[in-house]
Every structure is written in structure tokens, then in C-alpha cells.
Amino acid sequence: MQGVQGKMISKPLLLTYLYLLIYILLSSGVILYNKWVLSPKYFNFPFPITLTMIHMGFSGAVAFFLVRVLKVVSPVKMTFEIYATCVIPISAFFAASLWFGNTAFLHISVAFIQMLKALMPVATFCMAVLCGTDKLRCDVFSNMVLVSIGVVISSYGEIHFNVIGTIYQVTGIVAEALRLVLTQVLLQKKGLTLNPITSLYYIAPCSFAFLFIPWYLLEQPEMEVSQIQFNFWIFFSNALCALALNFSIFLVIGRTGAVTIRVAGVLKDWILIALSTVVFPESTITGLNIVGYAIALCGVVMYNYIKVKDVHASQAPSDGIAERMAKDWKLEKKSSDIYVPNSDNDNERGSIAGSLSGSDSKVDEEAPLITTSRLSHIGRTQLGSHAV
């Protein structure tokens, strides 16, 4: 009997670990792939807006096929008012975050970009306080100061520090923070929730339209006079990986808790920093880089702990263990229903999933369209960034 129970327990557990592994591999892979494609030293396609538009166009087309042709999911009741007041402004900031985040690849290393992304909770917290969606608390503020100090130390230790690249990355982080807060303010009031497919269905085409303007002004003239190396299979596989990342985030959110996602996100960042130095030998990490990032990470971990504590404190103390476990399980399962696009601007950033659910997620910039957010406000910053 115990053997049967062990098998029943181990199979779902192994499946969860498999999903986490797939997420970490795809998240890291998309970022490294984007860097390789954009870098003048490698594939030499220095057009980040074009690459982002390819991701948006591909994801939007796949979402349209799934919604309108295969009818895998039904579109939500989208009124012109909701589209004009919610989808359009959110798509604008989302497009900006992807644009600036991917442009940073041209100037700074993947490792340094990941270190700068530790500022995401700081930017989101500041924007939330300014917009009135969060209160200024001493414990959270002290963690934000610790994160900022760590990032400053890490930046000081960067051998190939580039002001332009740093400005692009920080601007992308601010744009993503504004998008997250705007999502919370505009969409929570309307009670609108979208799953990953419908999120892509509405957000991707609109983001593509916003990116067309800077593309036409900045990149299109250069592409006419440049010797462009366009390889269909390179761009198709890149866009496919970004789309797969969006869905892997959805699978992870549906099967794990907020704490697990946070730990996986931290693990992914360290793996990505180490891998980037192998894939791109010119990326050098100094001791000061590591010390600064470790300090920033301590602040992020404490911030996560505070958020987890807040959620548990909101549960009735009279609830028994069984009732609390049931609530936790429902909380985690429901999060998959309100999947909101994460940026890790992980310049994994192509992630949009959940963009329209409202909450403060961290962008996995890695996933071109997703910034994942959780129902509980505690798992928002680890998945999704990305960058496209």
C-alpha cells in the first residue's frame, strides 16, 4: 500500500520538477539566444525592435489560430472601452519594456543585465506607492534600499560598464513596473482576467503596432542600407522558443507554489549568469559583481519572505491545518486561471501571459510576451521577464 502511495506521490512530484527544469532551460535559453542573434560579434542582427516584432507577430498569429480556428479557448467579452482604456496603454508599456530591454543586449553583458534586473521589485514598489496601490512600509523600504545598494556595488565592479546599455535596461525595468501597476489599477477594477492564450491574442498585436512606429523611424532606414543576414530558421526557432517559454510559465504556475517559483527564479538567474560567461567568453564577472549581486539578492529574498508572511497573516488564525492547506492549494490552482504576463524583462521578455489579469509580476523578459503574476501578490516578480 505504501509503495502504491509512493508512486502516486512521486509521479506528480517528478512532473513538477520536469516543468521547473523546462522553464529554467527555456528561460535561460531564450535570453542567451536573443543575445546571440543581436550581438554584432555573433549572428550580427543588431535590430532589437525588429526581433521583438517578430516575436509579437508570431505569438499573436499562433494565439489567433488557437482562438479563432481551433477554438481551444473562447475570447473574452472585450468592449471598445476596455480595449481603449486597458489593453492599449498596457500594450504600450509592455512594448516599451521589451524594446529597451532587448536593446540593452547590444551594449552590456547578459550577466550584468541579470544583476540589474534585481531592481525590478524596487521599481515596482516605487511605482505602486506613487500610484497609491501600495503603502510605504519601513520593512519593505529597507529591503529596497538593500537591493539598490547591492546593484550599485555590482555596477561599480562591472569591467565593461556601459552607460547607454545601463540606461536602456533601467528604462525597460521602469516601463515594466509601470505596466504592472497600470495592469493592477485598470484591470482589477474591471475584474478582467485572461489566460495565456487570450492574453497573447489581445496584447501581442497591439504591442506589435506600437513597435512599428519606432521601427519605421529607427531601424527600417538602417535595414535598407545594411547587409542584413536573415535566416528563416534562426528567427523561427527563436520565436518558437519564446512562445514555448510563455506556455512553460503557465505550466509552472499551475503546479507549484509562489515560494517554489521564487526559488526557481533565483536558481535560474545564477545559472544564467554562469552560462553567459561560458557562451560569451567576453563576459567577465568580477568578485565585486558577485558580492553586489549577493547583497541585492538578500534584499529580494527578504522581500519575498515579507510577502509570503503577509499572505499567511491574512488567513484566519482559527483555521485548522487542513483548512489552511486547502486554502493554499486553491490559491495556487486559481493562479493558473488568472495568469498574468513576466517579464523577467528577463529579457526573456517576450512574456505576456497574464498581462491582463492585474498584479505586480516581475517580467521574464525572457518570454517575449509574458509577465507572470500570481493571485497572491507574492510570486509576481520571479517569472517573467523577459525578453524577447
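Counting begins at 1 with the first residue displayed.
Cβ coordinates come from backbone N, Cα and C, glycine included.
Lifted from TrEMBL, the feature list:
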TRANSMEM  12-33  transmembrane segment
DOMAIN    18-304  domain 'Sugar phosphate transporter'
TRANSMEM  45-70  transmembrane segment
TRANSMEM  82-100  transmembrane segment
TRANSMEM  106-131  transmembrane segment
TRANSMEM  143-161  transmembrane segment
TRANSMEM  167-187  transmembrane segment
TRANSMEM  199-218  transmembrane segment
TRANSMEM  230-252  transmembrane segment
TRANSMEM  259-280  transmembrane segment
TRANSMEM  286-306  transmembrane segment
REGION    337-366  region 'Disordered'
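Across 12-33, 106-131, 143-161, 259-280, stretch 143-161 shows the highest tally of CB pairs under 8 A with the transmembrane segment (286-306).
Counting Cβ pairs closer than 8 Å and at least 6 residues apart in sequence, the transmembrane segment (199-218) and the transmembrane segment (143-161) reach fewer than three and form no contact. Residues of the same chain lying 6 or more positions beyond the ends of the transmembrane segment (45-70) and with a Cβ under 8 Å from any Cβ of it are 34, 37-39, 95, 98-99, 102-103, 105-106, 197-198, 200-201, 204-205, 207-208, 211-212, 214-215, 218-219, 222-223, 228-230, 235-236, 238-240, 242-243, 246, 350, 352, 368-369, 388. Per-residue confidence over the domain 'Sugar phosphate transporter' (18-304) averages 88 (mean pLDDT, predicted model).
Contact between the transmembrane segment (167-187) and the transmembrane segment (12-33) does not hold: fewer than three of their C-beta pairs are under 8 Å, each pair 6 or more apart in sequence.
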